[in-house]
Amino acid sequence: MSLDIAKYPTLALAENPEELRMLPKESLPKLCDELRQYLLASVSRSSGHFASGLGVVELTVALHYVYNTPFDSLVWDVGHQAYPHKILTGRREQIGTIRQKDGLHPFPWRGESEYDVLSVGHSSTSISAGLGMAVAAEREGKGRRTVCVIGDGAITAGMAFEAMNHAGDIHSDMLVILNDNEMSISENVGGLNNHLAQLLSGKLYTSLREGGKKAFSGLPPIKDLLKRTEEHLKGMVVPSTLFEELGFNYIGPVDGHDVQALTQTLKNMRSLKGPQLLHIMTKKGKGYAPAEKDPIGWHAVPKFDPASGTLPKSQGNIPTYSKIFGEWLCETAAKDSQLMAVTPAMREGSGMVRFSREYPQQYFDVAIAEQHAVTFAAGLAIGGYKPIVAIYSTFLQRAYDQLIHDVAIQNLPVLFAIDRGGLVGADGQTHQGAFDLSFMRCIPNMAIMTPSDENECRQMLHTGYHHNGPAAVRYPRGNGTGAVLEPLAIMPIGKGIVRREGEKVAILCFGTLLAQAQIVADNLNATLVDMRFVKPLDEELVLELAASHEVLVTVEENAIMGGAGSGVNELLMAKRQLVSVLNLGLPDHFVPQGEQDEMRAEFGLDAAGIQSQIEAWLE
């Protein structure tokens, strides 16, 4: 897909930042307008992250205009907002391939461009990495500058504050830009504050500030008086800030959509010494009314018609696994006031919107704080409640120590509803749920369940909720299979079920690839087993299958290394059972973006791939 660049004459002159910096400053507002329209036209045709990019158009233009990228390091946190950055850094013609197999990466990616200095995808990493780059730049001694852009959501994470605390302590030269899009631009974030920001970042104020500190450094009472006077003066017109206490020079808030003022403020700040924080106010979805009105709904979008202002409705009546979880949550909470649901800022994605509205006293969104979420749940369990942590597989990685130290060691009854297990599709390497079975399986006391359809998912959530110890139910992104939902009942822990009796080959399936495995079992007259539990493994059943079949095939949408199949291998070795075993799953490399079905086919995890691998093994 290629757009007619002739419709965007100013943008056509800015193929890369070098060309951008040659434009007169007066042309920047026009460039921003065209960039925003280009982004709208592109994403509406290709799908992708949308509202975040619209909100940082002016900031992106100003940063590349003022800073000498890629010599200067520009670090984007998370990266949802980096589409304008990609368009301005030589990837304009490829932006229509973003998030597609073999296309542009959905986030900044080091292997894709020299302008992407940090590969990202998870939140709150930018300041830590940026500080490391700033220290390296200081030792290099060539005047390289470091800028980190972080949102008001991502900055709530502990890692961001840990990094700021360290930056303030070692006083390295770096700029952190806080992109605050929680509210629309208010009147006090207008001319006065823009003028104040330029004044506070200007050379005269800075030299007086630093010179005065040096001159009176030996006289504590006078130094303290100056500091109090400075804070009082700033406090009249800008928010009081935690950032100054962390050692940052705070400037702002300023209008993040005034590209001229933003450019001047950044020019003033470029030469400042020590850690600086610029607080800008932006509107997520800026320039496209439907996205401004509903920035969450327009955060990541399918292909749509810009003229209609609406997103296409999903087809079919089969619910997603996230919806199945949310409905089960409400059903259970209606009967049990001890239920407490915890999520680290993933209410919409985890299917918890209805629950949060109907049971607000039992719902906790702890923000982007996965470590806190898990230990908070441990505390709830100690207090006699029944906590459920709803979390994506990829984000549970961030709370691994808490899972072990605060939940499993104490054998606390915390249920983990792990969404996005396995291949997730367009978000690529940083978001694949490829490792959870591997990193949980080695933890004592854990019960790990892998449903094969939405009915089993409900039954396993019910079972895990009533289990007296830590339990995890791991389910994929996307729709169920259309299975009939049965009344809830507790399942026997650690027991699989034989779905089909066959000969010679037994296929042991962990999770929702069962439907694909069923086709293969029918074609090969193989035994098919829905294993259900990764831990505790149904050892009795596995040993029976090993004794009655020539080949065992394990199938899972998880890394082969350390996964469910490895558990089968370990059991057979421990019992000295000599039987041929083929482990099928995800390979030992990070899986890039692509549609889920595309990637399953590539890794031989669709029906045709499973069958061909088994047939090759039997030769």
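One is the number of the first residue shown, and numbering goes on along the chain from there.
Backbone N, Cα and C define each Cβ position, glycine as well.
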>> For the thiamine diphosphate site that Swiss-Prot describes with HIS80, GLY121, HIS122, SER123, GLY153, ALA154, TYR288, GLU370, which of these is also annotated: ASN181, ASN249, ASN268, ASN317?
In response: ASN181
> Whole-number Å distance between the CA of HIS122 (thiamine diphosphate binding site) and the CA of ASP152 (Mg(2+) binding site)?
Replying inline: 14
>> Suppose we draw a 10 Å sphere around the Cβ of GLY153 (thiamine diphosphate binding site). How many other Cβ atoms does it contain, all chains included?
In response: 18
>> Using the alpha carbons only, what distance in Å do you get between GLU370 (thiamine diphosphate binding site) and ASP152 (Mg(2+) binding site) once rounded?
In response: 17
>> Considering each pair of residues in HIS80, GLY121, HIS122, SER123, GLY153, ALA154, ASN181, TYR288, GLU370, all listed as binding thiamine diphosphate, report the largest CA to CA distance in Å, no decimals.
In response: 32
>> Taking the Cβ of each of the binding-site residues and counting other Cβ atoms inside 10 Å, which one has the highest number: ASP152, GLU370?
In response: GLU370
> Across all protein chains in the structure, which of the binding-site residues HIS80, HIS122 has the highest Cβ count within 10 Å?
Replying inline: HIS80
